[in-house]
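Working notes for the structure below.
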Amino acid sequence: MIVFKQIAHLQKHLQSAKKDGRSIGFVPTMGALHQGHLSLIKLAQSNSDIVVCSIFVNPTQFNDNKDFDKYPITIEEDILLLERQNTDILFLPSVSEIYPQGKKLSKPYELGLIETVLEGAFRPGHFQGVSQVVDRLLQIVMPDNLFLGQKDYQQIMVIQKMIELKKHRTKIIIGNTLRENTGLANSSRNLRLTESEKESAIAIYQSLCFIQENIAKKSISELQQEVAEILHNSGFRHIDYIAIVNAKTLAPLNNYSPSVPTIALIAAFIGEVRLIDNMIL
Ligand code: PAF
């Protein structure tokens, strides 16, 4: 694996690969890599000639400084995992390499409704920061395909919108959410859970399965109430949202109809850790 810290060196290398007609797959990450990331690298490998992974903990997407300070950094383990997975390139830039003119956005991205609901409502500014960094990374790497995980469903919608706004010539390929045997979705934040919190955290997945099983039998508000009970009884101390919405627009639904693409999404705190997960119904 070649590690590049500087944009100019990475671009020189990629330009010669592109001249040879090789396709580039890109997996952006903030490190603290887990099996979910590795499954995206594998997906990228089976769809590209060269795979670039980036590790950059983007300061502009954290609306809560405490969350940024506590974000796990495991760079040595990350490099070993990427090497073991035969990743071609790791891009490991500094903040000044990514934001040479400063971190302030000159003009906000016009993301519309998808920026203001669910994650957007609870983490103001988060999706502007995500758009800013992914826009910059796409300008640098110019990949044919961008690989993103379904766990961050709303993030995928936001990035798709940004790609359209900025006319990037990159296609998004979505990887399935990788789960532990218990159903808990792989996440870098799981590193911050104690063993008993990890056990309780399974309730998010169980809640999504409960919604899936009962979506045609109960009303949406009944499901939301019952799931809130399941989560509280399992030790979740605070719930940001239990949403059952249109999977194309994220607009709320009054009733379930099998002809409307529908998704359930949950965000809730176990101890100090905020977890998210979703299931397409
Ligand atoms: O999902 C993430 O890890 C981040 O939001 C991303 C896409 C790497 C941008 O910083």
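The backbone N, Cα and C atoms fix where each Cβ goes, and this holds for glycine too.
Copied over from TrEMBL, here are the features:
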type     : residues                        : note
BINDING  : 30-37, 149-152, Leu178, 186-189 : ATP binding site
ACT_SITE : His37                           : active site, proton donor
BINDING  : Gln61, Gln155                   : (R)-pantoate binding site
BINDING  : Gln61                           : beta-alanine binding site
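Separating the Cα atoms of Gln61 ((R)-pantoate binding site) and Leu33 (ATP binding site) is a whole-number distance of 18 Å. Within the set of binding-site residues Met30, Leu33, Gly36, Gln150, Leu178, Met30 have a CB atom less than 6 Å from some atom of ligand 1. Rounded to the nearest whole angstrom, the C-alpha distance between the residue listed as 'active site, proton donor' and Leu178 (ATP binding site) is 9.
Long-range Cβ proximity for Gly36 (ATP binding site), meaning a same-chain Cβ under 8 A and a gap of 6 or more residues, is found for Gly149, Lys151, Gly175, Thr177, Leu178, Ala185, Asn186, Ser187. Of all the binding-site residues listed here (Leu33, Leu178), it is Leu178 whose C-beta has the fewest other C-beta atoms within 10 angstroms. Secondary structure at Gln155 ((R)-pantoate binding site), taken from DSSP and collapsed to helix, strand or coil, is helix.
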